[in-house]
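Read the structure below first, then the notes.
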């Protein structure tokens, strides 16, 4: 009886081992890519998850908005007075917190609504678009969030800027007088110019912030710290603020003109400013605006991410992800 022999196909075994190793590496890489570029839960959507994201967005957005507005209101007041001044008018530095309380009453729900709409919209779009189009998802979500928040932002902005320029002494009296003299539409003065400024601003700022965060996470292979989020937020805010300054000047002029109707619309406003004051007038207040929005972006995104993380840690049955070694 011939002895039993065991034949091993070394080439086949090596190939099989190589295939297994390759599949493991591909699986790991897929997880990393999904983590860095999607930043969303890949599990099947549930109604509760949607409403939880919505609720957490409301809380985080409202908190961040109130903190930023309170801290930077004086700079915003100076910026508004610079932009509203015609020719070489002097800027009054008194009453820099004029209208803050009334403005907070509008900023809180507006910021809550913006982030509450932005977060679930972003997550839905990131699941729809491929990874290399994540910027489109962030741009679109930012614009949609800004559109929703504009319903609250515009009346708040009108009242705030009328008070900052000394037309009224209190928010309630401002609302009553504007409504009585200009009608309900007076509270939405400059609405189109507001959208012209804020929709691009929201879309660009959040897109820059999100894309920089994703790139940093990919390079560092870890989550960002609060100071890192704040630094990226400052850069995104300052850059976006500088680019959109002409739009902000136009919006401010249309909102503070009241019933005098010095400008008949966006085009007339631009033409009048350039004709009477020169093109550089469209950049009025760019220094305070960049400073205000840069610092504001730092505070806003720092507080926003910190609040979101705190809320996520308080979720029931939260599964903590292991950090990459």
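Placed from the backbone N, Cα and C atoms, the Cβ positions cover glycine too.
Annotated by Swiss-Prot as transmembrane segment, the relevant range among 230-250, 251-271 is 230-250. Check Swiss-Prot against the ranges 97-117, 160-180, 181-201 and you find transmembrane segment recorded for 97-117. Within the model, the repeat 'Solcar 2' (133-215) shows a mean pLDDT value of 90, rounded to a whole number.
In summary, the transmembrane segment (55-75) lies against the transmembrane segment (285-305): three or more C-beta pairs, each 6 or more positions apart in sequence, are under 8 Å. Using a Cβ-Cβ cut-off under 8 Å and counting only residues 6 or more beyond its ends in the same chain, the transmembrane segment (97-117) has close neighbours at 54-55, 57-62, 64-66, 69-70, 73-74, 77, 144-146, 148-149, 151-153, 155-157, 159-160, 163-164, 166, 168-172, 174, 202, 304.
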